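Undergrad: When I checked TrEMBL for this same protein, it listed these features:
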TRANSMEM  A:12-35  transmembrane segment
DOMAIN    A:68-282  domain 'ABC transmembrane type-1'
TRANSMEM  A:72-94  transmembrane segment
TRANSMEM  A:106-126  transmembrane segment
TRANSMEM  A:155-181  transmembrane segment
TRANSMEM  A:202-226  transmembrane segment
TRANSMEM  A:261-285  transmembrane segment
Amino acid sequence: MLSSLRTRSFVALALLPAVLIFLVFAIIPIIWSMYYGFFDWKGLGDPKFIGFKNYEMMLQDPIFWRALKNNLILVASAIIGQVPIALLLALLLLKNNFFNRIIRSAVFMPMVLSTVVVGLIWGYIYHPQIGLLNQLLESIGLESWTRAWLSDPKINIFAVSIPINWANIGPYLIIFIAALQNISSEVNDAAKIDGAVGSKKLFFVTLPMIWDMVVVTIVLCISGSLKAFDHVIIMTGGGPAQSTELLATYMYNNTFTVYRYGYGSAVSTMIILISALLIGLNYILTKRRS
Amino acid sequence: MQASTKMQAAGEKPAAWKKPVGLVLKVLLLLYAVITLYPLYWLIISAFKTNQDFFNRPYAWPMQWQLDNVVRAWDLGNMGRAMLNSAIVTIVALVLTIVIGTLAAYALSRFKFKFSGVLKGMFLLGMLIPIHSTLVPLFIFMNKIGILDTYWALILPYTAFELPIAIFLGIAYLVSIPRDVEEAAMIDGNGWWGVFGRIIFPLCLPVISTVSILAFLRFWNDFSFALVFINTQALKTLPLSLSLFSDGFGTDYALTMGAMFIAVIPTIVIYLIFQEQIMKGMVAGSVKG
């Protein structure tokens with residue numbers, strides 16, 4: 001097909017804009033960020049080469065570990081929360097009738113809202129004085145349960161994780177419904193003949209059939225949770241006293257509030273390494289099981 | 001189906017308990033849906049309340065529906081200007097993504113050449129990049145070439161990060177289209193550009209509409225790029241302007257609700273119109289990633 005010069009020049013010109021924009025605004029920044037990670041640079045003046053110093057500082061900073069721990073809490077809450085709830089809902093909403101379609105659209109709805117709106121609404125729900133949650137607890141006689149949900153460092157990262165889960169169940173629900181509908185009726189009939197019904201069928205027939213999709217959703221949970229940034233910036237800004245800091249907000253705060261560009265670049269690189277590591281790890285673990 | 005009717009005919013247990021259990025499940029599902037939608041419902045009723053009404057009767061309907069918050073948010077909070085900025089950035093980035101992405105998808109799906117595998121791999125890798133890790137280097141880079149704090153500082157990164165999805169959905173769609181159509185058009189004397197413009201692009205409209213809806217939601221709702229790359233008040237997009245309400249207006253909660261109402265309406269309308277496409281498209285986009 002690539003014989004004539006005209007064809008060749010068409011292919012080159014058709015690809016050029018996409019490759020150019022993608023290289024310049026997505027790939028090269030990553031490479032730059034790895035490079036700047038080896039420098040001490042305040043954004044002004046000449047960057048000073050300091051080798052692995054930024055990484056050493058990062059590994060010695062308790063806030064970095066706190067941020068990493070918070071990120072892992074979000075990953076865990078997504079895997080424990082979003083995947084089973086979505087799977088359960090998918091099993092219940094499998095049939096394509098009117099009622100089920102309405103419920104599905106309702107569950108999916110928060111996904112299309114801006115993260116800023118989600119963060120602000122939940123900020124109000126959690127508000128210590130005017131918040132809906134505390135008022136609800138008071139009205140049903142559970143005053144002792146009321147608290148400053150987003151300021152109490154023991155619980156605030158869990159409070160933050162709920163809106164993130166709330167907003168992200170929709171896509172997993174749709175993924176699972178599609179996967180369940182793909183199971184052929186022959187498989188279901190065979191299961192029935194073999195006497196597999198109820199939970200037996202669920203664990204020995206249905207779940208193994210859609211296991212690939214479960215793996216995909218877990219990978220999506222991991223990459224999605226590492227991307228969490230907007231909700232935290234809006235709800236807590238990473239505070240109070242950096243107790244809800246995530247890797248991305250840690251990077252943001254170090255770069256744009258205290259202007260440590262070199263250090264921020266090193267954290268960026270670390271985020272890429274960690275997400276590659278987690279996705280690889282998950283791939284190996286789930287591969288072995290299936 | 002047959003099996004279950006047989007069971008019912010035989011008068012076995014399942015028929016007896018299945019109905020009430022089904023009803024309970026339905027009620028629970030309905031409850032779950034209501035809880036999911038409640039924050040949004042609460043946002044909408046609160047947007048039409050006075051501050052006093054908002055504090056005193058948080059769950060109730062507004063004593064009197066009033067537009068004051070929305071109007072004040074539009075003027076005071078610069079939401080009108082913000083909406084214009086969001087519209088400009090979204091539309092330009094959308095057009096770029098679609099034209100550039102469809103062209104690249106066409107080239108990659110129809111022609112085999114030395115680097116096609118490498119290029120596909122590169123775009124695939126791009127879908128795995130955590131976008132926040134590009135904030136710092138992009139900030140430095142765009143500052144150097146002087147486009148920081150302009151519309152382009154959003155348009156170009158948006159396009160770059162939406163291209164992989166546009167390209168892969170495009171390739172998946174184009175593979176299903178037979179080549180005969182193009183060959184016939186070639187014989188009729190069209191060059192490759194003619195074939196692309198007159199045949200392929202119109203044929204791709206279904207996948208283009210999916211990509212557009214996804215891209216619209218991403219661009220319209222983006223917060224992190226706008227937060228880092230835009231500083232000038234007059235250029236701030238909706239989510240960025242909205243974020244200022246989280247501390248900027250202190251205790252004027254009803255005003256914030258009004259501003260959120262303005263920001264939420266376009267996305268809800270789009271969702272109600274295109275929900276099937278949005279659901280399928282988002283799933284296709286995320287699974288491919």
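Cβ coordinates come from backbone N, Cα and C, glycine included.
Whatever TrEMBL says is automated annotation, not expert-curated.
Distances, neighbours, how buried they are, the whole picture for these features please.
TA: Same-chain residues lying 6+ beyond the ends of the transmembrane segment (A:12-35) with a Cβ under 8 Å from its Cβ atoms: 265, 268-269, 272.
Sequence-distant neighbours of the transmembrane segment (A:72-94) (same chain, 6+ residues past either end, Cβ-Cβ under 8 Å): 100, 103-104, 107, 157-158, 160-161, 164-165, 168-169, 172-173, 175-177, 179-181, 202, 206, 214, 217-218, 221-222, 224-226, 228, 246, 278.
Sequence-remote contacts of a segment are chain residues at least 6 beyond its ends whose Cβ falls under 8 Å from one of its Cβ atoms, and for the transmembrane segment (A:155-181) they are 70, 73-74, 77-78, 81-83, 85-87, 89-91, 93-94, 104, 107-111, 113, 115, 118-119, 121-122, 126, 147, 149, 206, 209-210, 212-213, 216-217, 220, 224-225, 228, 231-232, 235-236, 243-244.
Residues of the same chain lying 6 or more positions beyond the ends of the transmembrane segment (A:202-226) and with a Cβ under 8 Å from any Cβ of it are 71, 74-75, 77-79, 82-83, 86-87, 91, 164, 168, 171-172, 175-176, 179-180, 183, 187-188, 191, 196, 247-248, 271, 274-275, 278-279, 282-283, 286, 290.
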